């Protein structure tokens, strides 16, 4: 699967640097 950032999107954004929201999961760029 895709490398995730270990975080879910909050208000469509991710707090982890260089991560992008693909709701509801944050993925590495």
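Glycine residues also receive a Cβ, built from the backbone N, Cα and C atoms like all the rest.
As recorded in Swiss-Prot:
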DISULFID  5-19  disulfide bond
DISULFID  9-21  disulfide bond
DISULFID  14-26  disulfide bond
So, three-state DSSP: helix, strand or coil for residue 21 (disulfide bond)?
strand
Taking only the Cα atoms, work out how far residue 19 (disulfide bond) lies from residue 9 (disulfide bond), in Å, as a whole number.
10
How big is the gap, in Å, between the Cα of residue 26 (disulfide bond) and that of residue 9 (disulfide bond), rounded to a whole number?
6
When you measure from the Cβ of residue 26 (disulfide bond), how many other Cβ atoms are you left with inside 10 Å?
20
Cα distance (Å, whole number) from residue 14 (disulfide bond) to residue 5 (disulfide bond)
9
Have a look at the disulfide-bonded residues (5, 14, 19, 21) and report the one with the fewest Cβ neighbours inside 10 Å.
21
Rounded to the nearest Å - Cα separation of residue 21 (disulfide bond) and residue 14 (disulfide bond)
6
In terms of DSSP three-state secondary structure, what is the assignment for residue 5 (disulfide bond)?
strand
Number of Cβ atoms other than its own within 10 Å, given for residue 9 (disulfide bond)
18
For residue 26 (disulfide bond), just give me the three-state DSSP call.
strand
